[in-house]
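Trainee: Pulled the feature table from TrEMBL, pasting it below:
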type	residues	note
DNA_BIND	102-145	DNA-binding region
DOMAIN	147-348	domain 'TLC'
REGION	363-388	region 'Disordered'
TRANSMEM	55-72	transmembrane segment
TRANSMEM	156-173	transmembrane segment
TRANSMEM	193-215	transmembrane segment
TRANSMEM	276-296	transmembrane segment
TRANSMEM	316-340	transmembrane segment
Amino acid sequence: MRSIQPGGHLEREHFRMWSSLNEWLWQDRLWLPPNSSWAELEDRDGLVYAHPQDLLAALPLALALVAVRFIFERLVGLPLSRWLGVRDQARRLVKPNATLEKHFLMEGWRPKEPQMAVLAAQCGLTLRQTQRWFRRRRNQERPCLTKKFCEASWRFVFYLCSFFGGLSILYHESWLWRPVMCWENYPKQPLKPALYCWYLLELSFYISLLIRLPFDIKRKDFKEQVAHHLVTIILITFSYSANLLRIGSLVLLLHDSADYVLEACKMFNYAHQQQVCNSLFIVFSLVFFYTRLVLFPTQILYTTYYESIANSGPFFGYYFFNSLLLLLQLLHVFWSYLILRMIHSFIKKGQMEKDIRSDVEELDSSEGEAAREHPQLKNGTAPTDGPRSRAAVWLANGHMSAM
């Protein structure tokens with residue numbers, strides 16, 4: 001039986017299995033164009049090429065970024081939020097109630113009215129008191145403005161440095177201005193140290209975002225955010241391993257161009273500096289639509305779908321890479337829809353208010369309950385403003401990533 005075989009034999013068998021898997025995974029035909037091989041990308045004559053194992057450095061660097069972010073948010077983000085006048089709304093704490101707390105944690109935050117009545121009877125409370133308990137308990141779970149501001153300030157600093165750092169690296173490169181040059185002599189394109197450092201930093205940042213997702217503010221597009229970060233990490237890893245750094249660098253730069261404006265917009269929104277927020281929102285919308293819905297499909301997708309195989313046939317990496325880019329474009333369309341809803345609200349109301357992707361702080365007073373249960377009518381129609389307005393914007397808690 002296998003369990004009584006000598007340990008050395010099992011180790012050799014496992015080694016052979018691993019070697020076979022490794023050889024299959026790194027087949028030339030999977031990663032490189034036809035008539036190309038890994039042997040051509042070995043370092044020689046002073047030329048250095050990208051190697052997949054180089055990216056292992058991103059793991060400890062991602063952990064370092066998590067630590068740097070922790071320090072930054074407390075030593076920079078928090079004092080900055082106080083200086084800009086960010087104030088957390090006072091919240092009333094709920095009275096301890098084991099029955100209601102168990103239902104809140106195990107069954108859900110919003111019990112239906114029949115279940116609410118049962119819980120009220122079990123606890124000897126009125127229906128109104130039970131509703132108020134759940135409302136206050138939900139508010140306790142919602143993130144405060146200070147936390148939102150600190151998260152946005154960290155992303156703002158990173159995206160700002162990443163964009164202008166990347167722009168300085170690519171400014172004198174031909175493929176920045178002519179994407180077709182991304183395929184000149186591909187895949188025999190030497191690796192430049194500055195490009196490697198920028199690529200490694202970007203990969204580490206998105207890994208750190210994925211690590212922090214369970215602890216950061218959760219929004220209604222949480223699943224889309226997880227998908228976005230995973231696609232981004234896979235894209236960066238694959239593009240580096242297949243020496244697609246030129247086109248990958250364009251994708252990174254294009255996305256960073258709008259993200260730091262978005263984070264600045266959110267910071268001023270949390271600080272209730274509405275005029276600055278509104279101006280930045282207009283700038284962000286223009287940059288986002290131009291880069292994600294115009295430049296990305298017409299320049300990036302076009303060159304990867306057509307110009308990349310002008311001198312060689314398609315291969316597995318071609319289909320895999322383009323599939324990921326197409327998925328990224330679908331996420332662009334999804335977020336563009338949310339931004340259009342923001343624009344509709346902006347035109348209608350003249351200012352940014354709330355985040356349609358996130359829960360809103362609920363009113364605590366009995367007047368608030370009456371307002372929700374019996375909305376005041378205007379000219380025979382229900383109001384469109386208020387905490388549950390479908391035109392309420394997602395900017396206040398927004399967290400759109402770079403890629």
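Every residue, even glycine, has its Cβ placed from backbone N, Cα and C.
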Trainee: So which residues does the transmembrane segment (316-340) touch in its own chain, when a touch means Cβ under 8 Å and the partner is 6 or more beyond its ends?
Mentor: 29-33, 221, 224, 227-228, 231-232, 234-235, 238-239, 242, 244, 251, 285, 288-289, 292-293, 296-297, 300-301, 304-305, 308-309, 356-357, 394, 400, 403
Trainee: What residues elsewhere in the chain lie close to the transmembrane segment (156-173), defined as a C-beta under 8 angstroms and at least 6 residues from its ends?
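Mentor: 72, 192, 194-195, 198, 201-202, 205, 246, 249-250, 252-253, 256-257, 259-260, 263-264, 267, 402.
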Trainee: Apart from its near flanks, which chain residues at least 6 from the ends of the transmembrane segment (55-72) lie with a Cβ under 8 angstroms of it?
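Mentor: Same-chain residues near the transmembrane segment (55-72) but 6 or more away: 153-154, 157, 200-201, 203-205, 207-208, 211-212, 237, 240-241.
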Trainee: Could you give me the DSSP helix, strand and coil counts for the DNA-binding region (102-145)?
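Mentor: DSSP composition of the DNA-binding region (102-145): 32 helix, 0 strand, 12 coil.
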